[in-house]
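Working notes, beginning with the structure itself.
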Amino acid sequence: MAVTYCFSRLATALVAVLLLSFGSVAASHVEVTVENFLRVLTGRIPPSTPRSKRLLSDDRSNILIYMTGHGGNGFLKFQDSEEITNIELADAFEQMWQKRRYNELLFIIDTCQGASMYERFYSPNIMALASSQVGEDSLSHQPDPAIGVHLMDRYTFYVLEFLEEINPASQTNMNDLFQVCPKSLCVSTPGHRTDLFQRDPKNVLITDFFGSVRKVEITTETINLQQGSEIMESSYKEDQMDEEAMEPLKYAEQLPVAQIIHQKPKLKDWHPPGGFILGLWALIIMVFFKTYGIKHMKFIF
């Protein structure tokens with residue numbers, strides 16, 4: 001299950017989206033500070049913090065962090081009042097790795113000189129993308145004449161356009177995401193970093209971070225949940241012997257999601273509308289009158 005963690009923002013503040021394995025968290029723009037953001041990532045939060053505001057991840061969680069806003073060489077602004085640096089972010093990711101709070105992490109940032117924000121990363125299993133190189137600006141897209149401001153950045157616009165075509169069974173990989181916004185569209189030069197990531201990007205599906213259909217293993221065995229170590233141990237041994245005797249289990253076939261989503265609707269049987277039939281009868285009667293006259297009307301009724 002893919003869940004969204006969203007830091008909302010005002011016009012020039014921060015938006016961060018984390019897709020996790022568990023939990024759903026939302027914070028208002030008042031709570032979006034550098035300290036709170038780092039505390040949520042590293043798990044350094046008070047015990048009284050409700051589950052709805054915790055990052056409930058573990059060493060099996062794939063995490064997506066998407067950040068956008070005003071930034072510069074090595075920093076990103078929060079609420080136009082404070083900044084987070086690339087060093088602080090890199091150290092936070094290292095703490096997450098040491099605490100086993102993620103399996104793989106995808107970091108995407110859309111800001112001026114965005115590539116500078118992942119230069120200091122040093123933790124394993126991190127893949128990073130940025131909308132611009134050091135020394136470049138990230139430009140806006142789609143101005144709204146009614147309010148006089150731009151509603152979205154160029155890189156975010158084309159990434160969103162790309163993701164809207166992805167379905168749960170898609171085989172699109174990260175190399176395709178790298179090519180989403182070339183310089184001819186973004187004006188800036190998007191960049192990415194994959195040296196810390198253990199897998200080849202061409203083997204990493206987009207759905208590994210943006211949600212997917214998980215395989216389910218079907219078992220016919222009964223699991224004994226009774227308390228007592230002796231009962232549990234004997235039950236485990238019996239189950240183990242049964243497993244050796246049985247044929248190896250296979251993954252159940254998933255629904256053909258891609259075919260279901262993209263299949264064409266079934267064609268309905270065509271029936272002429274009521275007005276068409278009425279008009280056709282009127283035409284027949286008019287032709288009959290013109291040909292034979294009203295004297296032959298008695299042969300019709």
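Using N, Cα and C of the backbone, Cβ positions are placed for all residues, glycine too.
Not measured: the values here are computed from a predicted model.
Features of the protein shown, as given by TrEMBL:
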| type | residues | note |
| --- | --- | --- |
| ACT_SITE | His70 | active site |
| ACT_SITE | Cys112 | active site, nucleophile |
| SIGNAL | 1-27 | signal peptide |
| TRANSMEM | 270-289 | transmembrane segment |
Between the residue listed as 'active site' and the residue listed as 'active site, nucleophile', the C-alpha gap once rounded to whole angstrom: 7
Among His70, Cys112 [active-site residues], residue with fewest other Cβ within 10 Å: His70
